[in-house]
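Worksheet: the structure to be examined is printed underneath.
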């Protein structure tokens, strides 16, 4: 919004409004100070997630959810009341801490509470809520941009406190997961009762025994971050790094945070740019809702492949159109601007179908209990770090790469689609405490374990027999 830029980033505001023919369309928003507003949330989230790992393991999942919500309230209040760049940036850093705690704990909570056959839909519900929150933020930005006297940006920043308050108030009333009850309190009777309640049946002996075995194994782990480096956890470690990294180099960060800037680059006004962002939000929410109904039927790998192609083709086409029709100093015609919007909507739909929700689902369901909290922290930390790098570099990349930036991200999409095809086994319908088996049977990863190596579970079973 122009009043926001005028107050905090006057240099960018001047470049937006000056008729300087020397400044390329792709370079008007190139400001490291401006990108630091967007990207600072991720660097503080990166640091916070490692503290969240210890809290989640020691005090339970809902404790981390509560802390995250409370810090989010503080960050949104400070951002909305900001009078200078220091207040604005400190509020943004607090938001990062809150997101670090909630992103570390909520996917774990959902995976541990969900029945195996519905685990995909439960975790997709998490991404659906994130997408819905994004849509509401686009709507709020579009509405508040029109407020007289230019204080609408304060509402945009402060309104983040509303869902944060709901999260903080409700967190203490959440039931703790059976896994966490066993891990932190060693209360087997309460954990079994909770498992029976959330499964809707008393016949939970097999799953409960798996939880006990996993908990006993986790008690022997004193240094989980060192433990995860062991050879037998190599597949999970690779996935906890590769999947969040790939999720960000799809280019989705560009769309989520810089869509208005992209649309202004091709000639749309401020209101039209914000309205285009609303359209992207609607597409993201509706496609995520659709994917909830198919993820546990089609499986994870199929959605990764479909979504990959659906992201690759539009990015290539957008690059070609911007190369041919925009240039450094012109404006794109209304027809081509609409075509670019449609292609970006197709791209967003592909991400919402696949890498968006699956990036959280797969990485929350593949880790054994003894390294689960640490692995989830690595997953979130890599996601934050790669998002920070992409967000911080994008405006400079847009200025230098120009239209070829879309080919850059398309190349990454092609690479990650091949990665899934070759290295990711199907996790659909596999109980969360039985994931070890899929790696041992995978045509590539079984080499890590060796033919003669037995899992700890098999050794225990053999000794009992």
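Cβ atoms here come from the backbone N, Cα and C positions, even for glycine.
Looking up the ranges 9-32, 33-56 in TrEMBL, the one annotated as transmembrane segment turns out to be 33-56. Among the residue ranges 210-232, 302-324, the one that TrEMBL annotates as transmembrane segment is 302-324. Among the residue ranges 403-424, 425-446, the one that TrEMBL annotates as transmembrane segment is 403-424. Between the transmembrane segment (273-295) and the stretches 63-82, 88-110, 122-143, 155-174, 336-362, Cβ pairs under 8 Å are most numerous for 122-143.
Only pairs six or more apart in sequence are counted, and the transmembrane segment (374-397) with the transmembrane segment (33-56) gives three or more Cβ pairs under 8 Å, enough to call it a contact. The average per-residue pLDDT of the prediction over the domain 'Major facilitator superfamily (MFS) profile' (1-428) is 84, rounded to a whole number. Distant neighbours of the transmembrane segment (63-82): 8, 52, 55-56, 88, 90-102, 104-106, 109, 154-155, 157-161, 164-165, 167-168, 171-172, 174; these residues of the same chain sit at least 6 beyond its ends, with a Cβ under 8 Å from one of its Cβ atoms.
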